[in-house]
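This report concerns only the one structure given below.
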Amino acid sequence: MMSSFRMTTTFVLLAGMILGGSKAQQLIPTFYGNTCPNLTTIVGGVLQQAVQSDIRIGAKLIRAHFHDCMGCDGSLLLDNDAANGIVSEKDATPNQTIDVDIVDNIKTALENACPGLVSCADILALGSQIGVSLAGGPTWQVPLGRRDSRTANQDGTSAIPSPFDDFSVLQRKFRDVGLDDSTDLVALSGAHTFGRAQCQTFSSRIGTDPTLDPTFSDVLAQICPQGRNGNALANLDSSTADDFDNNYYTNLQNNRGLLQTDQSLFSTTKASTVAIVNRFAGSQRDFFDAFVQCMINMGNISPLTGSNGEIRANCRRIN
């Protein structure tokens, strides 16, 4: 059930407790405390209104934040700009279905209240937290203070995990950006407890993958008839599609993970991730605790801080 904008679980985590290094330590939850004190209220208000017409807003934001966090610098949001040599990351294969229109609405509201202060990268980070909370998940104090990139790196999108990656590639991609290939991998994959995926990302498993429950496979075959629309959508979590909970992990135990990469967390023989899936399936609190920690870990991947980058007035283009 969708929750109101109330906090179901509270975690108070400071950035300096998570990762070492000067850049990570510059991100603090109170970064805008004096300059934009109503930041969370403003972002929450925009998202509360948006979720009334699009229940997937939270899932869309967290996916955008994840894809941006190969650098956590807002570069994903930039449009093509030949004059400035920018080739948009949104045109790369992993990002072509990402919807970031809600970021424009949030940015407009913030520019009206706190002009020139809040970065687009921080909008993705804070918006993801609020989107999770609105869906019944945990809340946490998001370390803030990121600045926005003045360029894009479309070639770098190859580092983004693909739904077709095998388990060893998936683990390597997490390690390559400094994330743990067990707990971080399993906990962050738990964001697939809400949202949708296109048929083209999983239809090759239907009727062929022994790790896909046959009854579930038949259901998916009705959603994604062979040779038909690959853009049709299926719920990432077939049991509680719009709730942020731990049922995603129960689905994996029952061979009902939608994506190959999801099911591989449980079905790969002797994988270190199996025990973590079982723990999260048995305890939603354990999942929430780990998810919060891992989201902060991810949000600390190579942010721009200090005088690096800029604060964009429009998230789609550099100043």
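Going from the start of the chain as shown, residues are counted 1 onward.
Cβ atoms here come from the backbone N, Cα and C positions, even for glycine.
Keep in mind that TrEMBL annotations are predicted by a computer and have not been checked by a curator.
Per TrEMBL, Cys114 makes its disulfide bond with Cys36 among Cys36, Cys69, Cys72. Minimal Cβ crowding within 10 Å, among the binding-site residues Glu89, Asp237, Asp245, is found at Asp245. Counting every protein chain shown, 19 other Cβ atoms lie within 10 Å of the Cβ of Thr240 (Ca(2+) 2 binding site). Distances between the Cα of Cys120 (disulfide bond) and those of the binding-site residues Ser75, Glu89, Pro161 are shortest for Ser75.
When the recorded positions Asp68, Ser75, Cys199 are compared by Cα distance to Pro161 (substrate binding site), the shortest distance belongs to Asp68. If you take every residue in the domain 'Plant heme peroxidase family profile' (26-319) and average the pLDDT, you get 95. The least crowded of the disulfide-bonded residues Cys36, Cys69, Cys72, Cys224, Cys315, judged by other CB atoms within 10 A of its own CB, is Cys36. A separation of roughly 12 Å, to the nearest angstrom, links the Cα atoms of Thr193 (Ca(2+) 2 binding site) and Arg63 (site 'Transition state stabilizer').
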